[in-house]
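Take a look at the structure set out below.
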Amino acid sequence: MAAGRDSRQILLLTPNRNKRFVMDYTLETSQQKEKLLKTIYTLQLKSIATLQTASPLLSSQRGMGMVTQHQVHQLADKAKSLCGDLDNIKNLLHYCQDDLIRQIPNPTGSRYGGVSGIHCSLDGSIYVTAESAPWVHVLSSTGQTWQSLPCRQTGKENGTFLPEDVTVTRMGMVAVADIMNGAIWVFNPHTSLSKGEWIKIRKVGSPRGIGVDSMGKILVADYAQGQVHSFALDHAFKTLNIHSVPNLQGPRYVSPVPKGGFVVSEECGDVKVFTSSRKLLCSLSSKYGHRFGNPAGVCVDVEGSILVADEQHRTVHLFPEHGAPVCLVSSGLRRPVGMACSSFGHLFVADAGENCVKVFKYRVRPPYSPTNPGAPCGNPSLTPRKGMGLVPLQPH
């Protein structure tokens, strides 16, 4: 009987202990929030007060008073460091980590290889390719198959080709990179044929990644040649204004930057950013001091942050315009390859190792709509989190 009473006591006490733990955690979190906001507010007040005092004094006297050059340099260095810390805090509050919301199985099934290429349109629909599979699948953001395009050249008995990566042109047409045939194909639905047809628009050495830049030009990562090609496409499917960026080390995936230019991942361990005039802006490993293993899929969100999937490290990192890199996905990936992000704050990762697309929520709130700055895009019912985001709790 005593043992039975002990068991019942444990069962009765466990909910209370859990409740107390939740209460303690909530209290600690509230204290951390208050401390963080108070710290930022104190910095704001002190900087404003000092500025209001220093500005008229510096304007009314010739020299610097008793302030030395060393003190000015010292304050400037501390301010730079503090601004970096504030950027990091803002970013860690802004993003989520390992928030998997759904898995979308490969529409082709297990007959071919794993999913590889992925593109996300502004309306939220996604386009998916798989290794060694002659298909492009168009899905809703929840994984419902809307359309499947067989990759076969019209009029040829053995005209099947295998898309490596996929994008959508400014005219709304699907374009793919075909590494086996060294070609770029565009699907034209407006032909006399009822099902449309694929048109080979250009021969390229070994195209792997494909994208469309902010000016509507098609971007192609040419793996063996170590180049990224860019060209326009007219209404007759003729390529115009062809340019190439050389001297890349195994370029794999390419993504446009909203303000112009592009980002390209190199299989040999770096990610490089180029301007709209095709000049190297920076390499992410140098700018952020980040060590990549085998960078694969890349994309750039509406705020200009660069997201990179690392196939070797099985992670996804976000590189903000200001602040240190943020790890968005630290576990749960077997072989991440292609990647895309939506304007609703979702991240789509093609995991070839598990043959599915994994969808992560990577932002606490979706980006604000430019037409209505007061309301978030996407789901209007989304509310702020109760926790501290990615900010680690520190002991008092």
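Placement of Cβ uses the backbone N, Cα and C atoms for every residue, glycine included.
Database features (TrEMBL):
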type	residues	note
REPEAT	151-190	repeat 'NHL'
REPEAT	333-363	repeat 'NHL'
REGION	373-396	region 'Disordered'
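For the repeat 'NHL' (151-190), the DSSP counts in helix, strand and coil order read 0 helix, 17 strand, 23 coil.
Note: the repeat 'NHL' (333-363) comprises 0 helix, 19 strand, 12 coil (DSSP; helix = H, G, I, strand = E, B).
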